[in-house]
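These notes concern the structure reproduced below.
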C-alpha cells in the first residue's frame, strides 16, 4: 500500500516583490504610506499588519479539515472451523506453490532447459486450479488434525471435513451442476484399523472413534476437475508410531523416486524396501510392517480420479509394471502398510460409487434407475460419490435404482478394502505434478 503523505505547512511569503502585503491580505481601511510618517511608525504599522495576517492564515488552517486516513488493508484470516472462501484470502488469485523438487540424473537438464520452461509457463490455468484445490485441502486437513478426538462419530468427522471443503471452494453442491465446478472430489474416507480404504459412513451410521483406533483420513478437493488427492493417518496411542512412520517414509520415498521416464516397477521396489525396514510392537508382539501389495498409487485425470481408460498404476511392491511415467502427468503417490497379511479384500457395506466413463448405452427398464442416472450425471459426472451425497440432494428410495445401475455396468461400486481382522493399517498420500521442468508435490504441507 502506498504510504499516505500528510502535507506539511508551507512557509508563507507574506510580502510581494515590492515589500507590501498582498492586497487580499491587507486589512481593510489601512492607510497607505504618507509623507511625514516616521520610519518607526511605518515599522510599527507593518509589524501589526503582519501579525494580523498570520492570525488570519492560522485561523484558516484551523478550519481546514485534515484528509482522512485511509483504512489499512487487513489480510483476512481463516476461521475455525474453516468457512472463509479461499478466493477471499488470496484476492490476487495467486495461490501457494507446492514443494518443488528438481529432476535428477538424466532428467536434470529439464530444470534449466529454456524450451521446457516455456512449456511450463503455458500451464497457468492448470496450475492455478491445482494450487487452489491443494490449499483448500491443506487448510481443511490441518484443522481436522487438531480437532479430531476419540468420542466423535465417523459421520461427524466426515461431514465436518466435507462442509469445510464446500465452504472454502464456494460450491455447496446443492444446485444442479455446482459440484462439477469445484468442491468435493470423492467421498471422505474414514477407515479404521484393518480397513484400509473406501469406507465412508452411510446414513444412520453410529460408529464412534476410539482411543485405540488407527484411522486413515482420505479426502479430495477439485477445481474444474483438477483433483488433489491426499491422505493421512491418525493414531492417539503412541504404540502405533512406528507403523505411521513406516508408511510416511514409504510415501516420501515414492515421491522422491517418481519422475519423467521412471519405470513404475523401480518406484514400487523402492517403496517396499523403505516400508518393510520397519517393525512395530503392539501388546508385546512384534509385527513386521508389510506393504499392502494389491493397493496402488495411480494417475489422476480431469474429473477422473484413477486417470480414466488410459490410467496407470504405481505399485508399492517390487516387480510387475514396466511402463514409465511421462511429462505432464499427474499422480497420486499413496502407500499402505499393514501388520496383517499385506493383502486386502472387499468387506462391509458399500458407500463409494462412480459413474463409468464412456459406458455403453444400456436400455434401462427401471424408471428409478433412469432418474438416478440423470441425477448422477448432472451433479457428479465421473467424480465418485457416496450415498450421503444422494441424501443431500433429497433423493430417496434410490437403492434399487442404484443397484440396477451397478448391475448394468453404468456405475461402479467400490466396497471397503480390508486386511484380516485384528490387524492395523496406515496410509499416507500426496498428489504430484510432473511439470516439464520440475516436479511439484502440490499437496505438500507443514503437517506431512
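Cβ atoms here come from the backbone N, Cα and C positions, even for glycine.
Swiss-Prot annotations:
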- 198, 306: substrate binding site (BINDING)
- 218, 229, 429: divalent metal cation 1 binding site (BINDING)
- 229, 298, 334, 429: divalent metal cation 2 binding site (BINDING)
- 32-48: compositional bias 'Acidic residues' (COMPBIAS)
- 59-73: compositional bias 'Basic residues' (COMPBIAS)
- 1-83: region 'Disordered' (REGION)
Requested in this report: Under 8 Å Cβ to Cβ from residue 198 (substrate binding site), same chain, six or more residues apart: give me those in sequence order, or none if nothing qualifies.
Outcome: 189, 191, 351, 352, 414, 415, 416, 417
Report summary line: Other than 229, 298, 334, 429, the chain contributes near divalent metal cation 2 (Cβ within 8 Å of their centroid) the residues 218, 230, 231, 297, 300, 331, 332, 333, 430, 431
Report task. Let me know how many other Cβ atoms fall within 10 Å of the Cβ of residue 429 (divalent metal cation 1 binding site). Result -> 24
Report task. Calculate the distance in Å between the alpha carbons (Cα) of residue 306 (substrate binding site) and residue 298 (divalent metal cation 2 binding site), and round it to a whole number. Result -> 6
Report summary line: Same-chain shell around divalent metal cation 1 excluding 218, 229, 429, C-beta within 8 angstroms of the CB centroid, reads 189, 219, 220, 230, 231, 332, 334, 427, 431
Report task. Write down the Cα-Cα distance for residue 298 (divalent metal cation 2 binding site) and residue 229 (divalent metal cation 1 binding site), rounded and given in Å. Result -> 10
